[in-house]
Amino acid sequence: MADSTADATETNADTLTLRRELKKVLTENLNDGGVKDRVETVKSIDEAIRILNRLKIVESKKRKRESDSSSVEVPKEFKCTLSKTIMIDPVIIFSGQTYEKRYITEWLNHDLTCPTAKQVLYRVCLTPNHLINELITRWCLANKYDRPAPKPSDIDYVTELFTDGIESLLQRISSPSSSVADQTEAAKELALQTEKFVNVRDFFIKELPDSITRLLTPLSVLGDEVDSNPELQENIVTALFNMSTFEKNKTVLAENHQVIPLLAKSMKQGSVVTRRNATLTLASLSDIDSNKIIIGNSVALKALIDLIGELDDLSATHDALCAVIDLCCDERENWKKAISLGLAPAAIKNIKARRNLFESLAALALISPHERVIQEVANLGVIYDLLSILRKTSCMVTCENAVVIVGNMYAKSRERSIKKILAEEENQHKTFTKIATQGSVVAVMKAQGILQCINY
């Protein structure tokens, strides 16, 4: 019994290779303009025919396997409930359910509930399910089932450029004489290079003179119209993000006076990918303590908080919340600025919508000791949302953050109605008694404190 899945992968690779060869031969003939002699032309035609015949054989084998496979019933456990087809790249989400990566990613861009369990997902985390993948592979081999191979991405074809090749890309991006199309193509190649090769991330910043400023030149000259060439902007911001993941680059990038303002603009103006990668870059740069001060003193902090309050893009909002939490942890000045810039109302907006709940509660809990935040929490009527979350959540961290906010509300709010609301919650649902017996250490302390106060 031949390895059906391996054969399928080989067939797909053969098809791609043959199509590239055919395109090359045809392009050479079309571009030749009749310069070649007749013998060379005939050879080229023969080569094209050979490739076409080979392609026909490969495609017919593929169709036969697909026909054979169609008669075998795939176990429902191996099918994605979203696509109704066999899983190629199975991943586990926060609820413990497994889905095809492509389809669950698309789902989570619009809805943060589990498609099967219907529960709110407190974290957007996709973990490869190696066990189910191995089981599917074995079943396919045993049943001679042709499981589709994952579609190759652009990065699968990238080979590492030498130093002069990277310099050439930068020259094409930064040169005033380059067309937008050429700049875009060069920026895309640089984004792929920096994604795949750590050496390129290191070399670009360390060895190329004024490389960051030159990379940003096409966007800097556009000013407020930074998104007028969206594909170019996306590729440049993506390259920046890739380079920011290299530890030695973080400080250099943050200290360049053009980088953070550009990222702030790109969070407001740009494609979905651009906005998300700009946010991820700021989150990456905030790993360094000195960078937290730089970012906190810039327009980027407000841009992050504005993005949190928009609710348009779940992934970007999630990343912005994570970035703000990182910036405010152990950095009191950023904490104060975030409060004055409206972090509490932005986080509450997410909590009320039950979107990015895990991160929104973490952000609000972080700043909840401040009196202004307590007043905003009271004014926006989020207490009932918090109590509902406490009753329903099975996540200990979410429970801890929610009860911390409630505890701070009770301790600092001047509203007498808070005590009455909490007492009614305890009488009807025993919410705080349950937390006091089965929550985290911090949650237990807060719940016990609330119980003492409402029973006093």
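Every residue gets a Cβ built from N, Cα and C, even glycine.
Fair warning: this is a prediction, and the values are worked out from it, not measured in the lab.
If you check Swiss-Prot, you get these features:
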type	residues	note
DOMAIN	73-146	domain 'U-box'
REPEAT	247-287	repeat 'ARM 1'
REPEAT	289-329	repeat 'ARM 2'
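If you take every residue in the repeat 'ARM 1' (247-287) and average the pLDDT, you get 94.
The residues of the domain 'U-box' (73-146), classed with DSSP into helix (H, G, I), strand (E, B) and coil, number 24 helix, 12 strand, 38 coil. The repeat 'ARM 1' (247-287): residue composition by secondary structure is 33 helix, 0 strand, 8 coil, according to DSSP.
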